[in-house]
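Right, one structure below, let's go through it.
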Amino acid sequence: MSIDIGGMRIKYKDKDETFLEKHLVAKEPFGQFKAWFEEACTKKEILEPNAMCLATATKDGYPSARFVLCKGYGKDGFKFFTNHGSRKAQEMAENPNVAATFYWEILNRSIRIEGFIERLPEEESTAYFHSRPVPSQIAACTSFQSTPIESRDVLCEREKVLEAEYMIPGKEIPKPIFWGGYIIRPTSVEFWQGQRDRLHDRIKFRKLKDGEMADNKLLHKGEDGWVYERLSP
């Protein structure tokens with residue numbers, strides 16, 4: 001049975017709330033990301049403003065997507081941590097091209113990131129692992145992510161064993177070798193703001209292609225080697 005939901009609509013921004021080039025706080029994507037992200041963090045309705053949908057693909061091009069938490073960002077890229085044995089990690093190992101999307105409904109804003117993945121240094125992964133709450137450290141050790149298990153009881157039993165061993169004041173939980181961090185090195189970052197009339201605003205930062213020149217009409221010169229352009233909605 002097919003359910004028609006084509007009539008669903010929500011109100012976006014009014015016409016006086018457009019996102020224009022003059023509203024950019026930076027002529028490179030990271031400064032603009034910082035401004036939008038910090039505003040999202042002020043909205044109590046957004047429970048996890050750092051949640052991003054990470055899309056990966058196999059070497060044959062079969063895609064998959066899931067939400068992860070961004071744990072750091074800057075001009076070097078966007079960082080997150082996961083199990084190296086997970087499906088996403090296996091796909092990133094054979095195909096480093098990834099995409100990620102932030103979506104903040106209450107602000108009618110989305111940020112799309114495309115780029116390639118690199119592993120973070122082991123020292124950085126270890127430092128972040130030990131900054132996590134102890135139950136989270138134990139959970140990371142408990143789960144062999146993406147592998148089938150007979151029941152939840154299997155996880156609970158593993159957790160009990162680790163809690164008995166490590167829930168002792170002053171005792172450090174060793175970071176498992178199968179867990180660590182990644183960074184997305186972006187090649188493009190698009191800022192989307194929804195509009196009431198569906199003429200949504202899209203401003204995309206990207207790197208110049210070989211032989212390409214910014215004409216400051218369709219393609220504008222930015223900072224730090226970036227250019228930006230407005231895309232049709």
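Note that Cβ sites are derived from N, Cα and C of the backbone, with glycine treated the same way.
Taken from TrEMBL, the feature domain 'Pyridoxamine 5'-phosphate oxidase N-terminal' covers 44-155. Look at TrEMBL and you will find 179-233 tagged as domain 'Pyridoxine 5'-phosphate oxidase dimerisation C-terminal'.
Residue counts for the domain 'Pyridoxine 5'-phosphate oxidase dimerisation C-terminal' (179-233) under DSSP, helix first, then strand, then coil, are 0 helix, 30 strand, 25 coil. Model confidence over the domain 'Pyridoxine 5'-phosphate oxidase dimerisation C-terminal' (179-233) is summarised by a mean pLDDT of 95.
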